[in-house]
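Enquirer: Pasting in a structure now, in structure tokens, and then I'll have a few things to ask.
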Protein chains: 2
Amino acid sequence: MKIVPVTETISIKRSIDSGTEEQRAAVQSILSDVRKNGDAAVLTYTKKFDGADLDQLRVKEDEIAEAYENMDGEIISIIREAIQNIRSFHEKQVRNSWMMTDESGTILGQKMTPLDSAGVYVPGGTAAYPSSVLMNVIPAKTAGVKRIVMATPPNENGKIPSAVLVAANEAGVSEIYKTGGAQAIAALAYGTESIRPVDKIVGPGNIYVALAKREVFGDVDIDMIAGPSEIAVLADATAKANEVAADLLSQAEHDMRACSVLVTESRELAEETSKEVQKQLESLPRKEIAQKAIDDYGVIYLTQSLQESIEVINSIAPEHLEIMTEEPMELLGQIRNAGAIFLGRYSSEPVGDYFAGPNHVLPTNGTARFSSPLNVDDFMKKSSIISYSRKALEENAEKIAAFARLEGLEAHARAVEERFKKE
Amino acid sequence: MKIVPVTETISIKRSIDSGTEEQRAAVQSILSDVRKNGDAAVLTYTKKFDGADLDQLRVKEDEIAEAYENMDGEIISIIREAIQNIRSFHEKQVRNSWMMTDESGTILGQKMTPLDSAGVYVPGGTAAYPSSVLMNVIPAKTAGVKRIVMATPPNENGKIPSAVLVAANEAGVSEIYKTGGAQAIAALAYGTESIRPVDKIVGPGNIYVALAKREVFGDVDIDMIAGPSEIAVLADATAKANEVAADLLSQAEHDMRACSVLVTESRELAEETSKEVQKQLESLPRKEIAQKAIDDYGVIYLTQSLQESIEVINSIAPEHLEIMTEEPMELLGQIRNAGAIFLGRYSSEPVGDYFAGPNHVLPTNGTARFSSPLNVDDFMKKSSIISYSRKALEENAEKIAAFARLEGLEAHARAVEERFKKE
């Protein structure tokens, strides 16, 4: 990995794919086709893109039963334990509706209400990602969303990976459909004969899925559009190079565009980590991917001090941040921008990917400056509550009317005055 | 107003302006010009679109002092009282960082951090909207955002309305710039020589502002893109037609595309309200606007029962909902979709526009199905905290590694195992 001394401002290289004109046009045409032709269009695209000739989109009960038979019992119990951990973390996020009252009889408050429905997209491809199912479904379930719909592309035999089906069933998905890509997003947003529309669509996907989500946004809500995975390690001389290297590689193996960064004031750690990365890379099954990511997006920033390292981290606003310093907890208050913060050497990033409980759906590409990990709030909406008593309105009517007239809105002023006119 | 009996599904007419090709192209070109040429571009557009020949964008201290001199003292004290009310409601929304611990030494939690900076756009035009300043600035201020920047177009003499300057100063804006339209959004998102970029842009605006916000989204955060104002009144036979009508008109006067709806099972109320609307319209200064809105988007839905009325309301998901029934509080639990809920006859909608405390920036166009009034959360981000002890990692290492290998991610498994390898 290249070592770069930090001078004034750092500018980190990240990959953003906003799609080509052709891809946008393809997505537009799929969306309008599905809106017009419903299931027929979805089935046609599923044949065309996934090679599967289906006669129904919805996964049947016996397919789920079969998935359980295919799964190792130990893995099922690990999935269940992960669900418990994830649920218990997300349950802590649930907020009560609240109100404030005063002696004039006024009641003001916020009513918290779960969304009626949510759609979770799960990407297909060669690997199965049950953890992605858990991380997207459990916050919705915990928020109280009654109808949670999953869509995922089938393989050419019309099958969904067993681990995905089992994870969905365990996490509490109500309906599962075999459809992927822009056609799945269109079906979730606008509905077809067999899929009722949802209020919000979450979950990662390829560029077609991302473009389709952008297009339907506004008609339904979406989560963020995720970029490639990122890790930044903030370390001092007490960190172990082999551990830092292993964690940098755990992100690099995700994607050739994944971004792994070490920020340290220790030249020795920088140099050793660089060597360790190369050494550990050699024996990785996904070596090619990880090597390319490290070559293109990997960097070690060498700073003058821990304080400067912290500033570099805040300016990167990484998706995952590991703090491997002598007293990691002491630095927490200085970290302003990071999706998830892993403290200390035993908090290796993969701990958060599957198991600990916090969500692994995190803001990428510097958006941790203003956005948050997927959480229960994302599946709830707030409504303001305003209940004025006669007394409260009487006391304030003149002031409200004066404010309205200041803004030139006479009907606003009169609406308040109308209450006291005829009595 | 036309009275429509509810049959099966209702489909409410709303206006959505997504801009023309020409408008999109104009916005694109302004954005790239400002990115490239900074202040010079902003000043040129301000001359071109607002007719103001400025030599500096930032509002000076003495302009603010002058604004105070131009304002009526009583209005200033009403603004201050409104600020108190708005602040006290928003302070209740502030969330603490939290953590959960267990006996193995694990700490999990969420760290709540205010955004570093926020930009508030305030539209120009003939009327001044100090309430919009308050409603956008106070949640940011309450969240703890240190740098709050306001942008608003000047008139052709290079002036900003006094009420807007006073409201901004009272609410705690740190910097005010004389710039509007897409050029203001570009400056806030990307920065110029005199305006440092912000992390999030909020506030209403015309179609150029809306299109520009959509374009910069991702580089910075934005609030929702607001449509025309909407009110739905849910009323039974106990409601007073004159009050219902006055409230319907208070929204209709905003915009020719504003949407005013009454939903009731009382034919008598429906008919009387329709007459009252026409009667009250006659003497309104903004009669022409209100009449057009009522004609084009106004409707009274006549239902069979209160229960059916509630279902109609939930399917409309109105921005503002007034409940004028015998026992409004009893219905609260059944309302799933509404931006702000006004309960009882003394909770006229304008109470919430200026004064009561809840935010008047609300989800329009049915988006109350999944989004919320502007609130303190919109100016904070959450970071997950994960701190595993050696013991906790030891206990769970095998399970985490097994889950990682299930997903084909060997480097993830090894990162965890690396901790225990050399000791």
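Glycine is no exception: its Cβ is also placed from the backbone N, Cα and C atoms.
Predicted, not measured: the structure shown is a model, and the values here were computed from it.
Quick paste of what TrEMBL says about this protein:
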type	residues	note
ACT_SITE	A:Glu319	active site, proton acceptor
ACT_SITE	A:His320	active site, proton acceptor
BINDING	A:Tyr121, A:Gln183, A:Asn206	NAD(+) binding site
BINDING	A:Ser229, A:Gln251, A:His254, A:His320, A:Asp353, A:Glu407, A:His412	substrate binding site
BINDING	A:Gln251, A:His254, A:Asp353, A:His412	Zn(2+) binding site
Enquirer: Suppose we call a site close when its Cβ is under 8 Å from a Cβ of chain B; which of the binding-site residues A:Asn206, A:Asp353, A:Glu407 are close?
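Expert: Out of A:Asn206, A:Asp353, A:Glu407, A:Asp353, A:Glu407 lie under 8 Å of chain B.
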Enquirer: According to DSSP, does A:Asp353 (substrate binding site) fall in a helix, a strand, or coil?
Expert: helix
Enquirer: For the recorded NAD(+) site, whose residues are A:Tyr121, A:Gln183, A:Asn206, find every other residue on that chain with a C-beta no more than 8 angstroms from the centre of their C-beta atoms, and list them by sequence position.
Expert: A:Pro123, A:Ala151, A:Pro153, A:Thr179, A:Gly180, A:Gly181, A:Ala182, A:Ala184, A:Ile185, A:Gly205, A:Tyr208, A:Val209, A:Ala212
Enquirer: Out of the binding-site residues A:Gln183, A:His254, A:Glu407, A:His412, give me the one sitting nearest to A:His320 (active site, proton acceptor) by CA distance.
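Expert: Checked the binding-site residues A:Gln183, A:His254, A:Glu407, A:His412; minimum Cα distance to A:His320 (active site, proton acceptor) goes to A:His254.
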Enquirer: Rank the recorded positions A:Glu319, A:Asp353, A:Glu407 by the number of other Cβ atoms within 10 Å of each Cβ, and give the residue at the low end.
Expert: A:Glu407
Enquirer: Out of A:Gln183, A:Gln251, which of these binding-site residues shows the lowest number of other CB atoms within 10 Å of its CB?
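Expert: If we count Cβ atoms within 10 Å for the binding-site residues A:Gln183, A:Gln251, the smallest count is at A:Gln183.
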Enquirer: To the nearest whole angstrom, what is the C-alpha distance linking A:Gln251 (substrate binding site) and A:Glu319 (active site, proton acceptor)?
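Expert: About 11 Å separate the Cα atoms of these two residues.
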Enquirer: Provide, as an integer number of angstrom, the distance between the C-alpha atoms of A:Ser229 (substrate binding site) and A:Glu319 (active site, proton acceptor).
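Expert: Spelling it out, the Cα of A:Ser229 (substrate binding site) and the Cα of A:Glu319 (active site, proton acceptor) are 7 Å apart.
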Enquirer: If you count Cβ atoms within 10 Å of each one, which of the binding-site residues A:His254, A:His412 comes out on top?
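Expert: For the binding-site residues A:His254, A:His412, the Cβ with the most other Cβ atoms within 10 Å is A:His412.
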Enquirer: CB neighbours of A:Asn206 (NAD(+) binding site) within 10 A?
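Expert: For A:Asn206 (NAD(+) binding site), the 10 Å Cβ neighbour count is 16.
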